[in-house]
Amino acid sequence: MRPGCGLPCEAEAEARVSRGAMAAGGLSRSERKAAERVRRLREEQQRDRLRQVSRILRKAAVERSAEEVRLLAESGDLVTELQGRSRRREGLKRRQEEVCDDPEELRGKVRELASAIRNAKYLVVYTGAGISTAASIPDYRGPNGVWTLLQKGRSVSAADLSEAEPTLTHMSITRLHEQKLVQHVVSQNCDGLHLRSGLPRTAISELHGNMYIEVCTSCVPNREYVRVFDVTERTALHRHQTGRTCHKCGAQLRDTIVHFGERGTLGQPLNWEAATEAASRADTILCLGSSLKVLKKYPRLWCMTKPPSRRPKLYIVNLQWTPKDDWAALKLHGKCDDVMRLLMAELGLEIPAYSRVL
């Protein structure tokens, strides 16, 4: 027994467990309880040592006592583990930080991007929440994004997006498509702003759906209803019926939203077929305002079956780190509207004004 502890030492307990197992072909109840006490004691000792080492590591080296230095020397594995955790936390923190290029550097990068767009044979634009923040629609992973605020325990207020208008970036993309400089747009956004900007339905794949479109899947082909209000007020994960019915067949209408963990099966507005074909034909991809943390899971959009030398050249506009940065031919750290304003000027194109009048 360990003095003053009331528990058998680990070696003794393990030996007794082993002897009991050999004698009876298993563990008795008392042996199982002893083994459990030893396990819990070992875990508590490990937690105490971990907390102690962590406190010492937070001190400056010159402030550590001789006893603390000795403890660190004896706890090499714990020191390595804690230092690794610290590096990972710092790396995550840096990845969440927003970085802005110097104005002159950004202008130089925009000139390079403009040249790439002029020379592209088939340009596809991938868009994320960052292109809609100027329309007062929150992004997800920025400093004030939905996921960021929720992780900090802060509330996220609901907003009426029906009054949101396409941003300068949306209107610029539409003009680039009109000028045949952009062949297709693949969007993760559900806010419907690409369609409001005048971009044709055939030119866009809304991979996660559109919150202003509901469909009747009983009609063949599916009958679409484009609304001026949010159709998702009563819907949720795995619960897509909107509460309205098809005026043609009377069947329940459903929204088109693809939630996390779901697989989108609707032809429209997801338009996966066009997105896949566009990716296969692309020689240039421009990513605007997307963290790419979701898009990276779609290998078809990155032509992963092609050898690296034949994959499209990638250009990224984002204030934060993305998992595709190392693949990019160019990364522009700037707000989408700022970059697109410079880009359209460099290309000599006027940005059309948005009008609610049809």
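Note that Cβ sites are derived from N, Cα and C of the backbone, with glycine treated the same way.
Under the heading active site, proton acceptor, TrEMBL lists H208. Residues or ranges marked as Zn(2+) binding site by TrEMBL: C216, C219, C246, C249. For 103-350, the entry in TrEMBL reads domain 'Deacetylase sirtuin-type'.
Cα of C246 (Zn(2+) binding site) to Cα of H208 (active site, proton acceptor): a distance of 22 Å. Summary: among the binding-site residues (C216, C246, C249), the fewest other C-beta atoms within 10 A of the C-beta are counted at C249. Using a 10 Å radius centred on the Cβ of C219 (Zn(2+) binding site) and all shown protein chains, the other Cβ atoms total 13. For the Zn(2+) site, the Cβ centre of C216, C219, C246, C249 serves as reference, and the other residues of the chain with Cβ at most 8 Å from it are T217, S218, R223, H247, K248, G250, A251, L253. Here the domain 'Deacetylase sirtuin-type' (103-350) returns a mean pLDDT of 89 for the predicted model.
Distance from the CA of the residue listed as 'active site, proton acceptor' to the CA of C219 (Zn(2+) binding site) is 22 Å. Of the recorded residues, C249 (Zn(2+) binding site) and H208 (active site, proton acceptor) place their C-alpha atoms 26 Å from one another. Proximity of H208 (active site, proton acceptor) to non-local residues of its own chain (separation of 6 or more, Cβ distance below 8 Å) is seen for S187, Q188, N189, C190, I257, V258, G264, L270, given in sequence order.
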